Every structure is written in C-alpha cells, then in structure tokens.
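A.B. asks: Please see the structure below; I have some questions.
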Amino acid sequence: MVIKCPNCDKNDFKSVRGLNCHISRIHPSSADGRGLRPSTDTRGRRDDKDIVVKDITCPFCDKNDFKSERGLSCHITRMHRSSSDGKGPRPSTGTRDRKDDRDGARPETLTPRHEDHERHNSDRDVVKGIAKVQRDSLQKGSPDNILLKDGARPETLTPRHEDHERHNSDRDVVKGVAKVQRESLQRGSPGNILLKNDAVGAKPESRPAKYKESPKQSRTTEEPHDRPLSSLSNFILSFNAPNFEKFVKMIEGSIVRPREDSTLRTESVNKFIDDLKVVMERISDIPLKLLKSGSYYDKTKIDYNNEFDFMFYADIKMEADFTNCPPGYCKIRKGVTVNKDLDPFIDRNGYLVPKLYKSHMFDIFEKCRTDPSFRKGRRTQLQDRKPESPAYTLLFDLGIPDKSPIDIDLVPAIRISGWPKTKDAREIQTGKWIDISTAKKAMECFHVVTKQFPEAHPDTNLLWRVSFSHAEKELILHADLSDKGCRKNVFKILKKIKENMKSKNPTEMDKFCSYHLKMFILGFYDTHSDFSKDQKLDMLKKGIEQLAKCVREGAIENYFIPKDNVLQSVPEEERRYVVRELEGLLQ
C-alpha cells in the first residue's frame, strides 16, 4: 500500500504514523487557519518515527539555513512574534546577524562580548520552556493536547482533531517560549554578566532554570552588573545543584583552565625567576638556593596561574633545636661550617634571629628588583603585607593587554638536612599510597621560615616556623602513583569549594586556607584505602563530612607534627561559617 502526503506528494512513508509525523512537522497550520501549508525539498528518514528536513525555510522571511525544526521554531518565536490584533505573525525589523540559527533579538544594551553568553542561556531556557508546556499539556488530560514522545499523534484522532490539536500545541509553545524569555530577562540572564576571567578566555556557564535560589542569593542576581567580580565557579555555585553528582561536575568544570594562558603565565614567571637568580648571584652576600613550592608544582592548581611561591634559602649548614619549643616551631643555630655569612644575624647564644635574617633577605630582594640590569623588575610592584608575614610579595605585570598580573611570593628560609630530630615529628610511613622512594625523598630535608609564634613564649624572638613544603610537594605530587586513583582530584575539588566559600563571603573567611586543607587531606588519605576513580563521589562526601567535623571541633593535626593544631589561629566565628557551608553542600 502506498501512503502519500496530500500536500507535497511525498509517498515513501512506511506507516500512517510516519505520514502523521510528516504532516504535523512539515505542514503546520497556516496563520489564517484555512488549511495546510506545503513544504518542499524533504527527504526520507531511516525510520518512520524520525523525519529529518533537508531544507527548512521560514515562511515569513525566506531564511533557509536552519539545521532543525527547533531552530525554525525558535526563529519564528523570536523574530516574528504574533501581532496584537491576532491576525498572525509579523516580521521583525532592526535585528542584526547571529552566529546561530536559533538566535533571536537581544536587548539593545548587550555588547558583542555578552552576546555569546546570553545566546546560549536563552536557547537553553527556550528548550526547557517548550518541554514544560508539553508536560503541562499531558497533565491536563485533554486528547487535543496530547503529543507523543516521537512526535506522532494517537491513531484515534481524526483529521479534524489533528488540525485543532496542532493549532493549540503551536499556540501553547509560543506562549511558553515568550514566558520563559520574559522571565529570563527579568531575573538577569547569566549571559548579561561579564566575569573577571573573560580577559583570559573564560566563559560563564548558563544557569539551569530548575536551580532554585535562596532569598540571600536572589539579591545578588537582581542587579547583575553590580555583582562583585569573581571566578566563574563562584557564579555557578551561587545556585543549588539538583544533586551532589551534578554539583561535583560543576566544580570540576570550573577548574579547567585554558592551556595556552597557563603556559604563557608559567613561562613568564620562570623567566622572571631565572633572571632574578642571575642578579641575585651578583648582589647577594649570602649564597642562596631556590625551592619551587606551591600548588602549581604539585599539580593541584585550581585556577589561573596567578600565584607562585618560591623559597630562597641560605646554602649554609644549619641545625634545628627543638628544646623547649612549642610543636611546629624550633630554634636555629649554626652547624659545623666555616662560612661566616650569617654571623651578623646570630645572637650571643649562637641562635639565628628570625627578624634579622628576614630583614636582610628582604633588602636583597629589593636591591635585585630595583637593579637597572633586571629589566623585568621594572614591571613589578611591591605589595603591602602584614608585619608578621614571612613573604616578600611582588605583583608582576606580564606586559600583555587583558592579562592580569601575577602574585609572586619570595620567602626567606633555612634548609635543614634530614628529618626533625624530635619525638613530636612523625616519620612518613610507606604502605597504602606512599611507596618507599617517595617517602625517602620526602624526608630528605625540611625548612624553617620567619613566621612568628602567635602566643607568648620565653623564646618568641628566636622561634622559627617549621615548614614541610618539600615533603608536601613530594607526597601530593605522587599521591595517585600507586593505584592511579582520585586522591589529587578530591583534594582539588575541596580546594575549589573552599575558594567558593571565601568568594561568597570574604569578610567571614580570612584565616582558613589551602594549607589547612592540605594537612587534612594527607591524614584523610591514610585513613581511607579505596580511592579508585569510581569511588570519587563517595570519597568526596566522606571528606566533606570529616572536614566539617574537624573544623567544628577546632582541630586539624599537622600531618608531620600531630601535636601541632593548624586550626589554632582560625577564629571560632570563622570556623562556624566554614562548617555551615560544608554541611550545606551535603543537604
């Protein structure tokens, strides 16, 4: 039996359902209601349930480069909205060219940089609006409103019913689309917001319509252009994800960085440090060596490479004295050496005074930065830091338009060979995730920095803060070496969550930092064995729960010196805020 379309004479249908789908999609009701409008240049599909149109032409403006019926539907809705007199669509004027077939008119206030963001978000809202209208139609139970999943109509419908159903369906879709667009413009589409990271190629992700806003969050969306500039993920995570898995995907998506920009920044900083070392060898009266530390070098960077840490330590043999020192601190005295370069900074008892050493090292850094032969130093600016800060911080301008400057911390330090000779320090144990070679290399040395002890102590002026930057770097860098698991990924997600909490309310979160997370995560690795990639979500949930518990109790052990509570400097009010945010993620 030959099944033939009465409008375009197409006769290669395999069933009546295929013909019905063809008629409803290719020959929708005309605006005047007198019958069906013929369509041309169609081709058969692989089955009778899925009809693909080869050339789809707009009946109002003859635009014919649509890729799908959805593109045509969105085009008609946006470009040829129904007139107020009810006589049918009217052509739209004054619109500009779009990149996408589905693009519609945008508010005249949008700039070209905003268009791509707003266009994507608006298209997504349109699709969801159409789906909602169709679901509502099914819930009403009216046979005239029924639309099957594959586009076919029930065989019990008569042609008269089909025309009426098509008319109602088209009208409901147009109304639904218009409503979605109005709501999107009223609440401030994410596409209208220009984020700080746009300068380096970052694009904001659209906000799904089903995400609910809390009253506090909704206030930040009323005036989108007045929102404080922040990272991409801070905007995304201001809305509640429908489930934990999607929340994690949103976090991971926000961690991705453009490789080209990352390489540019890293190469620029490495060149800066290489040139600085050349100048330093000529100016410094102390032999210095370099340790590259920080998240970039242990491969856990979560944002753009805009912060780098470098330790410069005297290449002189020194010894650590832990006698009568609080956990995590020690005194430094001269070892067996004939070098006298540090003698001016040693007191009468033979101990190296942190403040004197720090002041002298800062002078060396400043002389090198301002030396005429150091050209890159001309693009730096000294940043103000708190007196107790152990770092000499520079703001390094890349000299490239639209590229933000980089924070570079130069930290004076002393290197001590071997592992701390104190019962308070725990040796790194091999086993679950640490192999012998990693443990051996991590315990080769440790460092001390000029960070002052926050409490009263008889030897306050002689205390140095013990730093395990070398060991931390080795352990984190090789965390997944044994089983190719997800340890580093869990750590990076926790760091991103912490950054989002800080950006959300920077006034309430000042002391809690990545160092606290690092001490927590190393202990977490020891207490959990299965970090296979398919356990990532489960491990992340357990990590958030355990972290919230530790912060609530006000105690996170220093992984290397268990008696040292690294949270002791974090105020109770700030800890309560962190706990509240962490527990909110699991709800």
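Here the Cβ of each residue, glycine as well, is placed from N, Cα and C on the backbone.
Sharing the features that Swiss-Prot gives for it:
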BINDING   Glu307, Asp309, Asp409  Mg(2+) binding site
COMPBIAS  95-138  compositional bias 'Basic and acidic residues'
COMPBIAS  150-185  compositional bias 'Basic and acidic residues'
COMPBIAS  204-228  compositional bias 'Basic and acidic residues'
REGION    26-48  region 'Disordered'
REGION    77-229  region 'Disordered'
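Map the listed features onto the structure and describe their local environment.
C.D. replies: DSSP gives Asp309 (Mg(2+) binding site) a strand state. For Asp309 (Mg(2+) binding site), the Cβ neighbour count at a 10 Å cut-off comes to 19, with all displayed protein chains included.
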A.B. asks: Using all protein chains in view, find how many other C-beta atoms are within 10 Å of the C-beta of Glu307 (Mg(2+) binding site).
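C.D. replies: I get 16 for this one.
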A.B. asks: List the other residues in this chain whose Cβ sits within 8 Å of the Cβ centroid of the Mg(2+) site residues Glu307, Asp309, Asp409, in sequence order.
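C.D. replies: My list of surrounding residues reads Gly294, Phe308, Phe310, Ala391, Thr393, Asp407, Ile408.
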